[in-house]
Amino acid sequence: MNKKLFTNRFISFNMSLLLVLTAVFSSIPLHSVHAADNASVVANIVGEFQDQLGDSNWNIDSNITIMQYMGNGLYEFTTPTQLKAGSYQYKVALNHSWDGGGVPSQGNLTLNLANDSYVTFWFDYNTQSVTDSTKYTPIANDKLPRLVGTIQSAIGAGNDWKPETSTAIMTDDNFDNVYSYTAHVPKGDYQYKVTLGNTWDENYGANGVKDGSNIQINVTNDADITFYYDANTHNIWTNYSPILTGLDNNIYYDDLKHDTHDSFFRNPFGAVKVDQTVTLRIQAKNHDLESARISYWDDINKIRIELPMTRIGESPDGNFEYWEIKLSFDHPTRIWYYFILKDGTKTAYYGDNDDQLGGVGKATDTVNKDFELTVYDKNFDTPDWMKGAVMYQIFPDRFYNGDTSNDHAKTLSRGNDPIEFHNNWNDLPDNPNNAGTPGYTGDGIWSNDFFGDLKGIDDKLDYLKGLGVSVIYLNPIFESPSNHKYDTADYTKIDEMFGTTQDFEKLMSDAHAKGIKIILDGVFNHTSDDSIYFNRYGKYPGLGAYQAWKEGNQSLSPYGDWYTINSDGTYECWWGYDSLPVIKSLNGSEYNVTSWANFIINDENAISKYWLNPDGNLNDGADGWRLDVENEVAHDFWTHFRNAINTVKFEAPMIAENWGDASLDLLGDSFNSVMNYQFRNDIIDFLIGQSFDDGNGQHNPIDAAKLDQRLMSIYERYPLPAFYSTMNLLGSHDTMRILTVFGYNSADPNENSDAAKQLAEQKLKLATILQMGYPGMADIYYGDEAGVSGGKDPDDRRTFPWGNEDTTLQDFFKNISSIRNNNQVLKTGDLETLYAQNDVYAIGRRIINGKDAFGTSYPDSAAIVAINRSKSDKQIAIDTTKFLRDGVTFKDLINNNVSYSISNGQIVIDVPAMSGVMLISDDGQDLTAPQAPSNVVVTSGNGKVDLSWLQSDGATGYNIYRSSVEGGLYEKIASNVTETTFEDANVTNGLKYVYAISAIDELGNESGISNDAVAYPAYPIGWVGNLTQVSDNHIIGVDKPTEDIYAEVWADGLTNSTGQGPNMIAQLGYKYVSGTVYDSVYGSVYNSVYGVDDSGFTWVNAQYVGDIGNNDQYKASFTPDKIGQWEYLMRFSDNQGQDWITTSTLSFYVVPSDDLIKPTAPYLNQPGTESSRVSLTWNPSTDNVGIYDYEIYRSDGGTFNKIATVSNEVYNYIDTSVINGVTYNYKVVAVDLSFNRTESNVVTIKPDVVPIKVIFNVTVPDYTPDAVNLAGTFPNATWDPSAQQMTKIDNNTYSITLTLDEGTQIEYKYARGSWDKVEKDEYGNEFASNRKVTIVNQGNNEMTINDTVYRWRDIPIFIYSPSSNMTVDSNISTMEVKGNTYKGAKVTINGDSFVQDKNGVFTKDVSLNYGVNKIKIHVEPNDGSVYGNDQGRITELTKDIEIDVIRQENNSGSGTGNNNTSTSGSNSSSTGSGSTGSTSITSNISNTSNTSNTIGVITKNGNVITLTLDAGKAKDLIVNSKDKKVVFDITTIGEGQQKVVQISKDILDTSAANGKDIVIKSDNASIALTKDALNQNQIQNGVNVSIKDNGKPNVTNYVSLSNVVDITISGISGNVTLAKPVEVTLNISKANDPRKVAVYYYNPTTNQWEYVGGKVDASSGTITFNATHFSQYAAFEYDKTFNDIKDNWAKDVIEVLASRHIVEGMTDTQYEPNKTVTRAEFTAMILRLLNIKDETYSGEFSDVKSGDWYANAIEAAYKAGIIEGDGKNARPNDSITREEMTAIAMRAYEMLTQYKEENIGATTFSDDKSISDWARNVVANAAKLGIVNGEPNNVFAPKGNATRAEAAAIIYGLLEKSGNI
């Protein structure tokens, strides 16, 4: 656990723990404070360096490398001689044995020596940690840290505050420089510090400060506590966490766990059959959770269900608790589940990890990812010949030409396009993508043929048989105009180029004779447009659908209803290819097109059945189908397809082409296998070694652990028969050749070196070793085994190199497939991961107990398959204790039959570099264990548990296992017990123990474990009593609990020693006795709730008080909430509540207080229907004294039960403990301070699945030129990039709202109207997979999804500026080119190149000559290998841009100029009509004396008037002015659209030196230049300040109040930028509401006006704002309202803030003022208020991740000090409380004003004590300023959730109080 987090939690507990803790639910005690002495254990350092010490490597029997025992579990060994420089593997062996795998148990440690060196090794037995002196330097013994303080005497560690006496010396048991000491600390308050050594010379206190203050610790109950000291940071902390005994409104995320790969958490592993029970468990910190529920979505029934879980126990060490639920399902389906965990007001969700791979999940504040569970038909199976087969995929045209007579059977391909015939078999396939490039010789048409045919395949059957192939998969072979045949022209015919039906039948027969099965490729989503069915080109007799359409009646064609043809002749086609018209889906399914369904499925000779039995002889037919783009065909079509082919060949393969998770296809009603592209991608990612795009997606390197996680994800999702029959491919006709993926391409001179080939083949062999050793059908793509390489389609379809094969590679494939075929264990043996670390991955396969994974009988056998991607040999030690017994021997069948054996629970294997091993157990070994013991009986005793069981046949001994919870966490406590009885005397009374037993035979074969047996050893409780009497006439009241109630217990041996008897549970029970006189007189009137059964006892824990003789005394109290008689008693148990002993029952009476007035009734609003939740809201009650709380009651038809209580300031509650389809009744009861109760009305609601309003928000690049569309698996818009156009929200945000069913799994992408404009990743790559989301109800039947698009396919580079044909002034000699391109792009601008290191904006300065300048910009990938050297992909990312910029000729001079004339004189002016002219003018200088002086020269050029300031006069005026602002008024210098003031640098310097601002005042605007406004290093001679009037803006939805003012500042000798904002004032006309007026700037990139802000001065008719850049500005009045705020109290402020773009609606028309606002939403509002821009998120908080819509806002707010988080979490999705909102608001107020917080202390609110201590003074200040106000009755409600209306009100208050509105 994170040490900092530990500290934070410790602090938070001490702050919040106010109640005295009750009886301890303790667990197994910690080990003794001082570790048990283990000197008898012999520890050896063993490894690859022992031979240098006169020993043999890995010798566990060595006496040379025995480590010296140093005490307290520490061992040490120093080499007697120096070890040579190099790298070594090592580990620790115990007692000269590998039992348990050594230390560490998984893998070896590495020692790297740069020079010859002595090395010291350390091993800690207690923590099982190992290190060496190259990695670790310990603190010297005399300086070891130790505890000093008042705690010393309490723990028996010397005298208080005396370091020289302290025996609490800390040790570094984990060798991580964190030292620790564990002690049993009695209850009490203590102070302590840590000293280094036995003096005060170096000591550390609170916060790790040297000589710092004492550290406080309050121990509320006796506890074993570990103290920690970090030698690097000097931080000091403990693991102390008070025992959780009640609700603390907190859940410890780090302790939550559910692991789908661990049978303890999910049993059984993987997919389950219908009606099979699956047990799901989740772990939490002990006593942390109030409740746990599971929420799951049924993918078939489309329903979400929530069910409660049961707490089943705790871990053996007492740290964790476990919750469980058992589920079963009566139909095949896919289940998506997550856990809902509650503790008081805190709710957490635990779902799958971010990668959604299963295994260990992740806790979040909101619903995140679901775990997946597949439930399949119990009769689902696959043919045995599929399981473990070796498959071979053939692209017929490129395999072999066996019949030359059909070579030219056709001459035309599609339409009238010719077929390009290749007479040279070794030609490369024509790639029309390369047309126009040097060396291209093709015809540019996608049709070329190499004459391969069915006869050719038949001729090569012997070759395939010799290769080990048992299944052939053929790409399509039916009549088609193309070479790939995925555009079928006639399903009833074999393509003439491939042969005849007779050739087909002969191939089938011949293959079957050789034991080879054949799978056909079926394409039933689309046909060819050049087919007998569509007949677009009229080449076929008969009337095709298109021909009939052309003739005006599509129905005239027998195929007319197969297609959708639009009135303009366009038609639905596959992914936009008009050559592939799609079969119509009628009412959601192609099967509903009757003629199509009959033709393919239903008819006697339907295509699905015919080719499995074409002539009545099954031997002449194919054996199954691979089905193209199956996920683009309705599923019910495939279920009918399955039923049809089952009538011909039962369970014939249906292999789905599905590139992702195909679990929904494998439920048992259709497909029974899938093309396992996931397997391919995982293997490539493990072996690739670099990021690489293979044309189908991006590959990124992973290690062995991630590989295992991914493969396990597939294993757990697929039904076992399907998993063992998956088509595990490394390549196909749709992917780059595997050798080329690994870096070799024979046709590419950059990739065809011998070294590249050798490396690629090594990686291919590695992949094949794992493929051939893994469950499933190992698929070989034709030619891979012969060394064929090639890029993506069409290059991956090269011809087989007959006569030029790589025979060495072929021999490898033959050998490896032979090993697979000859060893059944590699086909159907079970699967277990044995090793997954770094570069090495190893799996185990077993047939044990004479059965394989399917229960089929085979001889016992085992295999270990391992691959090593490292360039160095690896020796791995595999723990086999749970895999196989000792003594089993193996031979490595691919490495010279090297022998291995299991010894001491371990096998040590040498795995060669860049290679692997295939270990097969030697024949004849007995791996069959006895049956597990039965009839296990346990008897609980005092300090012991007795066990007995029945003898198992063949057993020679038994192992005894023990846990604290059923179903797992077992620890072996006894081995090889020879009797059938056992006494466990090593138990602690009062704890739960779970036992299980296994049987072992004489060889060591161990059975599975028996059923669990549970025991509770305990002391017998002899007596309970002395219950004290509560005083009668107890006055009712929320602050009037009973006096303490005492009782005593005696249990001999437990209570008669000093202190609390361990594991004793004491509880006080109390109940209201109805029917009393008080009840009839008062109760029903004042205190009761109608329909509630309160007749039972309520139990609360009692607290240990002390010893009374031999008895232990306990106490508790309660607060009666009804008037009348109450009964109470105490009960005790010391065996976990299995048995209780109770005292006698006593009673007392409760009487009314003076307050007999009931609260007013709350009104409960009718909730809307939601799925799996009920959202309640009510109007608050009032009371003459005060409301205490609200109680929520629920009934499902019977009595009402109280389900929750909320505070008096909360008026809403969400009940998620409901089941869809069940009707519930609710009421809310208001409770006042005397427990007077008033009920609300009753509402009735039935939660049910409802459509969810799903809001997709996407942030796109700011250069996005056109509309954005959402494409994916959406109903009625499947993968249509031109449908579902999104609404533009702002410059780079688009949104669309859809209605989708909850639980729907959506895959999607963003595009801009076509697939040529689809989104890309930051490298410009295709995304490896589609975006995925499960639709859930996030509240109010809504869901919001926030995404980011990084790039667009068609825009590899975008140039913001300059624009082409742009003209610039003559004084501009350089220009900035600003653009945006992808990461890794090589950008060249006018010959200068650079590589873009990140996706996004770049800038580059270019020099300008006078006249026309051509700026040439080129972009291309810097490293083509990142894109697989795919020329098509590289071409997409390559672009040239040329921009013309005209720099004006310098012919008018500068300053006074030779063409200027000047005159001087007071108040003189001259105007002229020439193109140039000059006038000396008087400019009005505003200062205290209001003097006027002549200060410059005016020149006019067209509409541009320039004033050049006289430096001497201007400086004098600046120096002499008494005002801070010196105004140069240029309104009187003449009429012109543009006015320019030239200011020399010495004028600017004078202004800066005198602290004066220069103000340029023009006709419609003024600009103030402060001394540090401009970047001084960019100013050489001075600046030109230009103010240009562009007239009235053309806008809609806004009221224009000013002209457009274009402000620029340029340098006389270069560009000038702003160093800080400058103040600009615009003249405006009168506004209807000045509060809604703001300045906007025009963004030329987006052609949009964007909000800036500003402050209106209505009296002067101006608005002033701070400009951060030069642009065109204008002032608008914007009046924004929403439909749902018409009657809302905050209508005015919401409209004002919306008009100022500070708050936004949930939609364009809905604000939702009463909806609670989240912390992230309020933070975003504050940022907009302060005009703080988002910043790129850098990962400060664990609950915020990059890509979240609020991530960059959180970053900006955090850096600005607006938010703080809680040290780890920002809690962005939590509803913000009123006190949290106030705190953030006041930080913003401080940034708006000069405000400093006063120390006021308490507020004047009536609920001041409810305000958190940290917030009270902040709230007091805010109230004093009038920024916040209380609610009615002077209540602030600090913990109440703030609404969106309240958020708007407080922000408006900030604006108003800071004078900004």
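Using the three backbone atoms N, Cα and C, a Cβ is placed for every residue, glycine included.
What you see is a predicted model, and the numbers here were worked out from it, not measured in a lab.
Of the residues ASP211, ASP288, ASP381, ASP384, Swiss-Prot places ASP288 in the same Ca(2+) 1 site as ASP248, ASN250, ASP343. Swiss-Prot lists ASN401, ASP403, ASN406, ASP407 as binding Ca(2+) 2, and of ASP354, ASP355, ASP365, ASP453 the one it places in that same site is ASP453. The recorded positions in question are ASP628, GLU657, ASP734, and the one with the fewest Cβ neighbours inside 10 Å is ASP734. The recorded stretches the domain 'SLH 3' (1802-1861) and the domain 'Fibronectin type-III 1' (929-1021) do not share 3+ CB pairs below 8 A when only pairs 6 or more apart in sequence are counted, and are therefore not in contact. Across the domain 'CBM20' (1246-1354), DSSP classifies residues as 3 helix, 54 strand, 52 coil. Cα of ASP628 (active site, nucleophile) to Cα of GLU657 (active site, proton donor): a distance of 5 Å. ASP734 (site 'Transition state stabilizer') is 11 Å away from GLU657 (active site, proton donor) when you measure Cα to Cα.
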